[in-house]
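Per TrEMBL, domain 'AMP-dependent synthetase/ligase' is recorded for 7-109. Residues or ranges marked as region 'Disordered' in TrEMBL: 107-147. As annotated by TrEMBL, compositional bias 'Basic residues' applies to 111-128. Look at TrEMBL and you will find 129-139 tagged as compositional bias 'Basic and acidic residues'.
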Amino acid sequence: MTHERVFDYRPGEVYWCTADVGWITGHTYIVYGPLANGATTLLFEGVPNYPDITRVAKIVDKHKVNILYTPPTAIRAMMASGTAAVEGADGSSLRLLGSVGEPINPEARACGRRAQRVRPPYGHRRDRKRDGRPPESRRGGGGRCAA
């Protein structure tokens, strides 16, 4: 249920969580959540910046990824390359960029401009309603607009 609500998953979308499948985030949001919702989930094995920093953008374009869930560390690594990480990328399929593991800093949030929204990590007390459900997403709300 959290996969559907936190990521505003819509049938037919392609979802990609870059976490290691052995981590709690990995098996929860690469395997259980997407499969419980009948989602198309992209499984990735390797290093996101090898053989070069454009790998994530190329995968997003090649597989028409709509939702990308990745740690701020990965976003900052791409930022360190300037525009090289997204050089020649279309990115138009990307609707939502989710951040996991730590609060996302303003510079990393701005790096996701092509996404409609950036979501903060789920699980923090401030991110849940009293019944445990994540808050409704709204432009400029808890996930702060990145566009």
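A Cβ is built for glycine as well, from the same backbone N, Cα and C atoms used for every other residue.
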Per-region confidence, the domain 'AMP-dependent synthetase/ligase' (7-109) (mean pLDDT, whole number): 86
Helix, strand and coil residues within the domain 'AMP-dependent synthetase/ligase' (7-109) as assigned by DSSP: 37 helix, 15 strand, 51 coil
